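Q: Below you will find the structure I want to go over with you.
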Amino acid sequence: MIFSTVEHILTHISFSIVSIIITMRLISFFLVDGIVQLYDSSEKGMIVTFLCLTGLLVTRWTYSGHFPLSNLYESLIFLSWSFSLIHIVPYFKKNKKYLSTITGSSVVFTQGFTTSGLLTEIDQSSILVPALQSEWLIMHVTMMILGYASLLCGSLLSIALLVITFRKNKKILYRNNLLLNESFFFVEIEYMNERSNLLQNTSFFSAKNYYRSQLIQQLDYWSSRGISLGFIFLTIGILSGAVWANEAWGSYWNWDPKETWAFITWIIFAIYLHTRTTRNPKCANSAIVASIGFLIIWICYFGVNLLGIGLHSYGSFTLLAN
């Protein structure tokens, strides 16, 4: 009884903190530079959230007698913990606000869904099914969830890169079209005046473009690092799962829906890494592949559970009925 109470308290404390954090981040976003202390407070709040989630996992492990990764609810808690772990690392390195924004938002939405009440029955700890009563549980599922977390963060950074690149190209195209229209519809003197004004603002646009280019490079750098790390975790998770499957079911691979989509996920990010090995890699091309991978991960991790079929059906769930 006491363990359930502690778990309930830790769950709602972590959710309350991340809800406050997202509000603080919105305030910081709209007020821009004036709220440095507010940003630092949100970072400290994420550390408290990490500690609460750690305590939640330890508590659930203690009273259930097994590592808390036996169903979707527990894996979502662990996914939130993984996001918060990734989040606090750049906090100590400083000057990585865009990365911590991605990871912080991921914690908010994951933890929000976990504690929303949409998941029924599986939020209660139960005895492991025979197939899960193995030492491979910790190795396989931990590596897979850490891989998902790293890949999702890297993919979100790639999506942010695409948005910034698209807006940059759109502004350049608009400016070129504006000058072209002026050359047709205005007299030569007015056109030269516009050109003169444009040259006067060159330093402003150059500085702005420089910082935008630096941001794109940083997003590309951290995206590739996150995806590379996640790909390693995913590979280890798939290989350990194959060994576990051979022990449990007598076959290394059964083309189960979960296994199939995990393999598709691995292929997508293998393609991403391949695009990074070319002599002159283009950020946008690899970012497009990573964006596709973002959708594939959610299909693999979450969408397949909606089916409730296959050898991994014990991870399925039901939504709260009206």
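Quick reminder: no glycine exception, Cβ is built from N, Cα and C everywhere.
Per Swiss-Prot, the features are:
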TRANSMEM  15-35  transmembrane segment
TRANSMEM  45-65  transmembrane segment
TRANSMEM  72-92  transmembrane segment
TRANSMEM  98-120  transmembrane segment
TRANSMEM  144-164  transmembrane segment
TRANSMEM  226-246  transmembrane segment
TRANSMEM  253-273  transmembrane segment
TRANSMEM  287-307  transmembrane segment
Q: Under 8 Å between C-beta atoms and at least six residues away from its ends: which parts of the chain pack against the transmembrane segment (226-246)?
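A: For the transmembrane segment (226-246), the far contacts come to 86, 134, 136, 139-144, 146-155, 157-158, 252-254, 259, 262-263, 265-266, 269-270, 272-273, 290, 293, 311.
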Q: What stretch in 144-164, 253-273, 287-307 has the biggest tally of Cβ pairs under 8 Å against the transmembrane segment (72-92)?
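A: The stretch I would name here is 144-164.
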Q: So what's near the transmembrane segment (144-164) in sequence-distant terms, Cβ-Cβ under 8 Å and 6+ beyond its ends?
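A: Sequence-remote neighbours of the transmembrane segment (144-164) are 69, 75, 78-79, 82-83, 86, 98-99, 102-103, 106, 212, 215-216, 219-220, 222-238, 241, 262, 265, 269, 283-284, 286-288, 290-291, 293-294, 297, 301.
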Q: Mind checking which residues reach the transmembrane segment (287-307)? Cβ under 8 Å, same chain, six or more beyond either end.
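A: Cβ under 8 Å, 6 or more out: 72, 148, 151-152, 154-156, 158-159, 161-162, 165, 220, 223, 227, 257-258, 261-262, 264-265, 268-269, 271-272, 275, 315-317.
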